[in-house]
Each structure stands twice: as C-alpha cells, then as structure tokens.
Amino acid sequence: MAVASEAPFHVLAVDDSLIDRKLIERLLKTSSFQVTTVESGSKALEFLGLREDLERPSSATSCQHEIEVNLVITDYCMPEMSGYDLLKKIKESSAFKDIPVVIMSSENVPARINRCLEEGAEEFLLKPVKLSDMNKLRPHILKGKSKEDQQRSNSNNTIDFSTINSGSRNNKRKANEEGLSPERTRPRFSNNSTNSLTVL
Amino acid sequence: MDVRQLQRQWIDLISALFREGFLDAQFTQLQQLQDESNPDFVVEVVTLFFEDSERLLNDLCNVLSQQVVDFNRVDAHVHQLKGSSASIGAQRVKNVCISFRNCCEERNLEGCFGCLQQVKQEYSLVKGKLEALFGLEQQIVAAGGSLPMM
C-alpha cells in the first residue's frame, strides 16, 4: 500500500459539543492537518469502518478500503460512549490498534489520565485545547507510521499472522515499548489466556 | 466616525474585557484561528455559545424549579455550560459554573439558586459586551478598515 508522503495527516476528531468540534477543526486545519469531525464514539467507529458485528480479523482488507486515519483525538466526557470506551474499542481492534489516540478532558483528574494512558492513549490534553497542543500530535503520528512500515515490510516476507493473533491485545504496551510488535513478527499459536504474554 | 476612532474604541473595549476578567486567553486563541479563509470564525463560535448557553440556562431553570431537584441533571447542564464558556474564554461565566458545580455536589439547593442567578447575570453581561465588540467590528469593516492586531 503506497502512502503519499505529501498528503497531510488525517485526524478524526470526536466531540459531542458543536462549539468544541468547530474549535478543534480550526485548530487542526490551522496546523495543516486534514480533519474529519464526528459527534460521538459510535460515529467515529462507523467512520473507521469498525463495528462489532462487522469486525474482521484481517487488517489488510479493512485498511485499504477505508479512508486512512492517522490519529484519533477524542473528548473524554460524552454521553453513551465515553472517550475512554472509544479508546478501548480502537485498541482492542486488530485493524486499528496502531492508530494513535489522544484524549481531551476539561477535568484534571489524575486517575482518569492514568487510566487512559494505561489503555494505550498517547496523550491527555486539558480542555480548552490550544494551538500549542497541536504541536504534540505530529510526533505520535510519525512514531506510529514508522512502526507500521516496519510491520509492513515484515509481513512481506512472512505469513500474516494477524488473523491468528487477533484475540491477543494485552501485550501491546510491551510491544510499544520495544518499538515493534512481537505479535506480528513472531508467531504465537496461543491460546485462551490472552492475559499472559507468551515468549517463544 | 472615522476608522481610526472606531479602531481605538475596539481596542479600549476588548482591553477592558480582558482586564475585568470577562474574557481570558482562550478568546485570544479564537482570534488567532480567524484568518482570510475564515473571516467570521470568532462570531460563528461565539454565536454557538450564545445559543448553547440560552438553551442550558433555560433547562437549568426548569430542572431547579422541580419539586424534587435532580442534582445530577443540574450538574450535567452546568458541566456543559462550563465547557462551552471555557472554550470561548468567557472566564466569569466559567468561574460561576465552578461554584455552581460545587453547590451541586453538596446538594445545596439555595447555593444552586444563587449560582443560577449569578451565571445568568454574568452571561448577559458578557453577551452584551461581545455584541458591542462585534458591532464595532462591523462598523470598522464597513468603513473600509481592518481589525487592529492585539
């Protein structure tokens, strides 16, 4: 899959407040991002092409047919699906777990921040979001990109194990720390206990 | 009135709004996001704030006039009002919302009524000032001038 390096990064922004959607849209556009805004977590999942009933373990098919999203930025406090729930759904998905997610919240609650970071959020921004916050987004996208490229080149000369490993997700933090994902490069024919990282 | 004079009035008004705490740095952020491709951005967002606030203040009056007050609903409305006032930099409205939420948490009905009156007052004050500011902007543009850089 060829990625046009000239194309601006595409950010999916999720907020139930219209004022905040307008604001984040302008902030991102001013910072040269391409932006799509949606008003709920379920709309965000729909846009990504991720719905529980439709989710396929094969990442290749869904990635190619949807518009590529390079980063998701979401409000924390939303009715029905919170930003935290959305984060979890994205990180649980084999196809989308590598998309960096940034959470915005008007409340500075350390437990909340930690919970989001533990679940794989890249960054926690306090609202109202400012222009200077936008500078923090690009490094997360670039970090994700290099990881993706690495995985892509790996899967070129090996079998794609993503179908086998689609159920395992709990080792992602470890994987992030190592900079590349062991679940893509090493086959693990496990198992029911997805809580443990099997080292082969 | 000539453009210079209008521009000076505009600067005086907006300086007073910051000095008296009606607006904070977030409003400056909005101004920075306005450019030739989005010449009406500030007015658009602030107009949304007016609509949002009026709906929420109405809802708050209704919820607080029930025989049994549902403090969670009050808090949810105040939370939204706090969010949108913070997003446009309406600092004094936002500050009353913070006290308002504390009263909700304490289930302090008297306090909530007091805060509702206060927040209505702060809202109509800042609305009047912002409308005056936008009125001046229209006059400046109509007279062929541009807004001074802050």
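Note that Cβ sites are derived from N, Cα and C of the backbone, with glycine treated the same way.
Those TrEMBL annotations? Automatic predictions, nothing curated.
Given the structure is predicted, the values throughout are model-derived calculations rather than measurements.
These come from TrEMBL:
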COMPBIAS  A:152-169  compositional bias 'Polar residues'
COMPBIAS  A:174-186  compositional bias 'Basic and acidic residues'
COMPBIAS  A:188-200  compositional bias 'Polar residues'
DOMAIN    A:10-142  domain 'Response regulatory'
MOD_RES   A:Asp75  4-aspartylphosphate
REGION    A:141-200  region 'Disordered'
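Per-class residue totals from DSSP over the domain 'Response regulatory' (A:10-142), listed helix then strand then coil: 57 helix, 24 strand, 52 coil. Averaged over the domain 'Response regulatory' (A:10-142), the predicted model reaches a pLDDT of 90. Taking Cβ-Cβ distances under 8 Å and a sequence separation of 6 or more, the neighbours of A:Asp75 (4-aspartylphosphate) in its chain are A:Val14, A:Asp15, A:Asp16, A:Ser17, A:Asp20, A:Gly83, A:Ile103, A:Met104, A:Ser105, A:Lys127.
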